[in-house]
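Report on the structure given below.
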Amino acid sequence: MANMRFAVGFTRLIPQIGYHHILMILIAIAIILLSLLLAGCSSSSPLIPNIFLISLYYKSYPPNFAPSQVDPGVTTAIANIVGRAQLEVRVGYFGICINPDGGAFLCSNNATSLATQVSVDQDPLNLIWVASTFKDSIVFPYLIIVAIILAFLCFLLLATFPGWHEETNDDGSEVRDVKPFPSRPVSQVSLALIFIASIFVLVSVLWQHTASVAASTIAQDLGNGSVKSGVGTTAMVLGWFGFSLLIIVTIGLLVMILSIQLFDKLTDD
(Lines of atoms letter the chains of each structure in order from A; the text may use other names.)
(Lines give C-alpha, C1' and ligand atoms only; values in the text may rest on other atoms or scores of the structure.)
Protein backbone atom coordinates (compact mmCIF):
# COMPACT_ATOMS: atom_id res chain seq x y z
CA MET A 1 0.00 0.00 0.00
CA ALA A 2 2.83 2.40 0.86
CA ASN A 3 4.56 1.62 -2.43
CA MET A 4 1.35 2.27 -4.33
CA ARG A 5 0.88 5.64 -2.62
CA PHE A 6 4.47 6.58 -3.44
CA ALA A 7 3.97 5.60 -7.10
CA VAL A 8 0.76 7.64 -7.34
CA GLY A 9 2.41 10.65 -5.68
CA PHE A 10 5.44 10.43 -7.97
CA THR A 11 3.19 10.16 -11.02
CA ARG A 12 1.38 13.34 -10.00
CA LEU A 13 4.69 15.10 -9.38
CA ILE A 14 6.18 14.44 -12.83
CA PRO A 15 3.81 16.76 -14.75
CA GLN A 16 4.62 19.54 -12.26
CA ILE A 17 8.36 19.37 -13.06
CA GLY A 18 9.14 22.17 -15.47
CA TYR A 19 12.00 22.75 -17.86
CA HIS A 20 13.60 25.19 -15.46
CA HIS A 21 13.51 22.62 -12.67
CA ILE A 22 15.82 20.38 -14.68
CA LEU A 23 18.20 23.30 -15.22
CA MET A 24 18.12 24.02 -11.48
CA ILE A 25 19.05 20.41 -10.71
CA LEU A 26 22.01 20.60 -13.10
CA ILE A 27 23.18 23.85 -11.49
CA ALA A 28 22.89 22.33 -8.02
CA ILE A 29 24.99 19.33 -9.07
CA ALA A 30 27.60 21.63 -10.64
CA ILE A 31 27.81 23.73 -7.46
CA ILE A 32 28.29 20.59 -5.35
CA LEU A 33 31.05 19.28 -7.64
CA LEU A 34 32.91 22.60 -7.70
CA SER A 35 32.57 22.94 -3.92
CA LEU A 36 34.10 19.48 -3.48
CA LEU A 37 36.92 20.53 -5.79
CA LEU A 38 37.67 23.56 -3.62
CA ALA A 39 37.45 21.46 -0.45
CA GLY A 40 40.14 19.04 -1.59
CA CYS A 41 42.96 18.51 0.95
CA SER A 42 41.33 20.97 3.35
CA SER A 43 40.77 18.33 6.04
CA SER A 44 41.56 14.73 6.94
CA SER A 45 37.94 13.67 6.48
CA PRO A 46 37.40 10.51 4.42
CA LEU A 47 37.89 11.00 0.65
CA ILE A 48 38.85 14.69 1.00
CA PRO A 49 42.63 13.98 0.80
CA ASN A 50 41.94 12.08 -2.45
CA ILE A 51 40.81 15.33 -4.12
CA PHE A 52 44.12 17.00 -4.94
CA LEU A 53 45.75 18.96 -7.76
CA ILE A 54 49.21 17.38 -7.62
CA SER A 55 51.00 14.89 -5.42
CA LEU A 56 54.73 14.65 -4.70
CA TYR A 57 56.26 11.62 -3.02
CA TYR A 58 59.58 9.92 -2.47
CA LYS A 59 60.10 6.72 -4.43
CA SER A 60 63.23 5.07 -5.72
CA TYR A 61 63.15 4.20 -9.43
CA PRO A 62 65.68 3.98 -12.30
CA PRO A 63 66.58 7.58 -13.23
CA ASN A 64 66.17 8.92 -16.73
CA PHE A 65 69.34 9.96 -18.54
CA ALA A 66 69.56 12.36 -21.47
CA PRO A 67 72.42 13.95 -23.43
CA SER A 68 71.30 17.39 -22.23
CA GLN A 69 72.12 16.51 -18.60
CA VAL A 70 75.37 18.23 -17.58
CA ASP A 71 75.84 16.10 -14.47
CA PRO A 72 73.93 12.80 -14.72
CA GLY A 73 75.63 11.57 -11.56
CA VAL A 74 73.65 14.01 -9.42
CA THR A 75 70.88 11.43 -9.24
CA THR A 76 73.14 9.31 -7.02
CA ALA A 77 73.70 12.21 -4.64
CA ILE A 78 69.94 12.88 -4.50
CA ALA A 79 69.25 9.21 -3.79
CA ASN A 80 71.74 9.25 -0.93
CA ILE A 81 70.07 12.34 0.55
CA VAL A 82 66.57 10.89 0.22
CA GLY A 83 67.54 7.58 1.80
CA ARG A 84 64.46 5.64 2.90
CA ALA A 85 62.03 8.57 2.98
CA GLN A 86 58.52 7.72 1.83
CA LEU A 87 56.59 10.92 2.59
CA GLU A 88 53.79 11.93 0.21
CA VAL A 89 52.46 15.48 -0.17
CA ARG A 90 49.14 16.35 -1.82
CA VAL A 91 48.10 19.89 -2.72
CA GLY A 92 44.55 21.26 -2.94
CA TYR A 93 43.17 24.73 -3.47
CA PHE A 94 43.07 25.60 0.22
CA GLY A 95 45.10 22.91 1.94
CA ILE A 96 48.00 20.47 1.93
CA CYS A 97 47.93 16.85 3.05
CA ILE A 98 50.98 14.82 4.04
CA ASN A 99 51.47 11.13 4.66
CA PRO A 100 54.85 10.72 6.38
CA ASP A 101 55.00 6.94 6.77
CA GLY A 102 52.22 5.34 4.74
CA GLY A 103 49.57 5.79 7.41
CA ALA A 104 46.78 8.35 7.64
CA PHE A 105 46.97 11.76 5.99
CA LEU A 106 47.54 14.93 8.01
CA CYS A 107 45.93 17.98 6.39
CA SER A 108 46.22 21.69 7.06
CA ASN A 109 46.24 25.02 5.26
CA ASN A 110 49.44 25.91 7.10
CA ALA A 111 52.54 24.24 5.65
CA THR A 112 54.66 25.35 8.60
CA SER A 113 52.54 23.39 11.06
CA LEU A 114 52.81 20.30 8.86
CA ALA A 115 56.59 20.68 8.54
CA THR A 116 56.98 20.67 12.32
CA GLN A 117 55.35 17.24 12.49
CA VAL A 118 57.96 15.46 10.34
CA SER A 119 61.67 14.90 10.77
CA VAL A 120 64.49 15.80 8.38
CA ASP A 121 64.84 12.15 7.36
CA GLN A 122 61.16 12.03 6.36
CA ASP A 123 61.33 15.08 4.08
CA PRO A 124 65.00 15.62 3.11
CA LEU A 125 64.20 17.54 -0.12
CA ASN A 126 61.59 19.84 1.45
CA LEU A 127 58.64 18.59 -0.59
CA ILE A 128 56.26 20.22 1.88
CA TRP A 129 57.83 23.60 1.12
CA VAL A 130 57.65 22.93 -2.64
CA ALA A 131 53.96 22.03 -2.31
CA SER A 132 53.30 25.17 -0.27
CA THR A 133 55.00 27.32 -2.93
CA PHE A 134 52.81 25.74 -5.61
CA LYS A 135 49.64 26.38 -3.59
CA ASP A 136 50.46 29.96 -2.68
CA SER A 137 52.05 31.16 -5.93
CA ILE A 138 50.32 29.23 -8.70
CA VAL A 139 46.91 27.98 -7.53
CA PHE A 140 44.12 30.56 -7.94
CA PRO A 141 40.73 29.42 -6.60
CA TYR A 142 38.84 32.70 -6.63
CA LEU A 143 37.44 32.44 -10.15
CA ILE A 144 35.73 29.20 -9.14
CA ILE A 145 34.37 30.86 -6.00
CA VAL A 146 32.90 33.70 -8.07
CA ALA A 147 31.51 31.16 -10.53
CA ILE A 148 29.75 29.28 -7.72
CA ILE A 149 28.20 32.54 -6.47
CA LEU A 150 27.00 33.45 -9.98
CA ALA A 151 25.60 29.95 -10.52
CA PHE A 152 23.74 30.18 -7.20
CA LEU A 153 22.24 33.54 -8.20
CA CYS A 154 21.11 31.97 -11.48
CA PHE A 155 19.59 29.12 -9.45
CA LEU A 156 17.59 31.64 -7.39
CA LEU A 157 16.38 33.44 -10.53
CA LEU A 158 15.27 30.16 -12.08
CA ALA A 159 13.31 29.44 -8.90
CA THR A 160 11.18 32.52 -9.67
CA PHE A 161 10.03 31.08 -13.02
CA PRO A 162 6.28 30.39 -13.01
CA GLY A 163 5.11 26.80 -12.75
CA TRP A 164 1.96 24.94 -13.71
CA HIS A 165 -1.31 26.09 -12.14
CA GLU A 166 -5.00 25.56 -12.78
CA GLU A 167 -7.29 28.15 -14.33
CA THR A 168 -11.05 28.01 -14.86
CA ASN A 169 -13.27 29.72 -17.40
CA ASP A 170 -15.33 32.70 -16.37
CA ASP A 171 -18.38 30.49 -15.99
CA GLY A 172 -16.36 27.86 -14.09
CA SER A 173 -17.15 25.17 -16.65
CA GLU A 174 -13.59 24.07 -17.46
CA VAL A 175 -10.36 23.66 -15.53
CA ARG A 176 -7.11 23.93 -17.46
CA ASP A 177 -3.44 23.54 -16.54
CA VAL A 178 -1.60 26.71 -17.53
CA LYS A 179 2.09 27.61 -17.39
CA PRO A 180 2.96 31.25 -18.22
CA PHE A 181 6.22 32.14 -19.92
CA PRO A 182 8.98 33.39 -17.62
CA SER A 183 9.92 37.05 -17.64
CA ARG A 184 12.24 37.88 -20.54
CA PRO A 185 14.56 40.16 -18.50
CA VAL A 186 14.88 37.53 -15.77
CA SER A 187 15.66 34.87 -18.37
CA GLN A 188 18.30 37.04 -19.99
CA VAL A 189 19.95 37.89 -16.67
CA SER A 190 19.97 34.19 -15.77
CA LEU A 191 21.62 33.38 -19.09
CA ALA A 192 24.26 36.07 -18.57
CA LEU A 193 25.05 34.85 -15.05
CA ILE A 194 25.43 31.19 -15.99
CA PHE A 195 27.44 32.07 -19.11
CA ILE A 196 29.93 34.14 -17.10
CA ALA A 197 30.12 31.38 -14.49
CA SER A 198 30.89 28.86 -17.25
CA ILE A 199 33.70 31.02 -18.64
CA PHE A 200 35.22 31.48 -15.17
CA VAL A 201 35.15 27.73 -14.53
CA LEU A 202 36.65 27.02 -17.96
CA VAL A 203 39.55 29.41 -17.34
CA SER A 204 40.13 27.98 -13.85
CA VAL A 205 40.03 24.35 -14.95
CA LEU A 206 42.35 25.01 -17.90
CA TRP A 207 44.78 26.85 -15.62
CA GLN A 208 44.49 24.09 -13.02
CA HIS A 209 45.21 21.39 -15.59
CA THR A 210 48.11 23.18 -17.27
CA ALA A 211 49.77 24.33 -14.03
CA SER A 212 49.41 20.92 -12.36
CA VAL A 213 50.90 19.01 -15.28
CA ALA A 214 53.78 21.49 -15.63
CA ALA A 215 54.62 21.54 -11.91
CA SER A 216 54.34 17.77 -11.66
CA THR A 217 56.70 17.20 -14.58
CA ILE A 218 59.32 19.69 -13.36
CA ALA A 219 59.29 18.34 -9.80
CA GLN A 220 59.77 14.77 -10.96
CA ASP A 221 62.62 15.75 -13.31
CA LEU A 222 64.41 17.63 -10.51
CA GLY A 223 64.14 14.61 -8.23
CA ASN A 224 65.09 12.24 -11.04
CA GLY A 225 65.27 8.72 -9.64
CA SER A 226 64.03 9.64 -6.15
CA VAL A 227 60.85 11.76 -6.44
CA LYS A 228 57.64 10.84 -8.22
CA SER A 229 54.71 13.14 -8.91
CA GLY A 230 51.19 12.91 -10.27
CA VAL A 231 48.16 14.95 -11.21
CA GLY A 232 44.91 14.45 -9.29
CA THR A 233 42.43 12.65 -11.55
CA THR A 234 39.48 13.24 -9.22
CA ALA A 235 40.07 16.99 -9.17
CA MET A 236 40.27 17.08 -12.96
CA VAL A 237 37.04 15.12 -13.31
CA LEU A 238 35.21 17.36 -10.82
CA GLY A 239 36.38 20.51 -12.62
CA TRP A 240 35.60 19.43 -16.16
CA PHE A 241 32.30 17.77 -15.23
CA GLY A 242 31.19 20.89 -13.36
CA PHE A 243 32.07 23.00 -16.39
CA SER A 244 30.14 20.64 -18.68
CA LEU A 245 27.00 20.92 -16.54
CA LEU A 246 27.17 24.72 -16.57
CA ILE A 247 27.57 24.72 -20.35
CA ILE A 248 24.52 22.45 -20.68
CA VAL A 249 22.51 24.88 -18.55
CA THR A 250 23.76 27.82 -20.64
CA ILE A 251 22.69 26.13 -23.87
CA GLY A 252 19.38 25.10 -22.30
CA LEU A 253 18.58 28.67 -21.24
CA LEU A 254 19.59 30.02 -24.65
CA VAL A 255 17.35 27.52 -26.42
CA MET A 256 14.46 28.39 -24.10
CA ILE A 257 14.82 32.15 -24.70
CA LEU A 258 15.07 31.73 -28.48
CA SER A 259 12.08 29.37 -28.50
CA ILE A 260 9.94 31.85 -26.56
CA GLN A 261 10.94 34.67 -28.91
CA LEU A 262 10.08 32.53 -31.94
CA PHE A 263 6.74 31.56 -30.43
CA ASP A 264 5.92 35.23 -29.72
CA LYS A 265 6.66 36.13 -33.35
CA LEU A 266 4.50 33.30 -34.65
CA THR A 267 1.57 34.23 -32.42
CA ASP A 268 1.91 37.92 -33.30
CA ASP A 269 1.70 37.10 -36.98
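Counting starts with 1 at the first residue shown.
Glycine is no exception: its Cβ is also placed from the backbone N, Cα and C atoms.
According to TrEMBL, the transmembrane segment annotation covers 21-40 (among others).
Look at TrEMBL and you will find 139-164 (among others) tagged as transmembrane segment.
Per TrEMBL, the feature transmembrane segment maps to 185-207 (among others).
Look at TrEMBL and you will find 237-263 (among others) tagged as transmembrane segment.
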Intrachain residues whose Cβ lies under 8 Å of the transmembrane segment (21-40), provided they are six or more past its termini: 48-53, 92-95, 141, 144-145, 147-148, 151-152, 154-155, 158-159, 194, 201, 232, 234-235, 238-239, 241-242, 245-246, 248-249, 252-253
For the transmembrane segment (139-164), distant same-chain residues with Cβ under 8 A (at least six beyond the ends): 15-16, 18, 20, 23-24, 27-28, 30-31, 34-35, 37-38, 53, 91, 93-94, 177-183, 186, 189-190, 193-194, 196-198, 200-201, 203-204, 207-208, 211, 246, 249
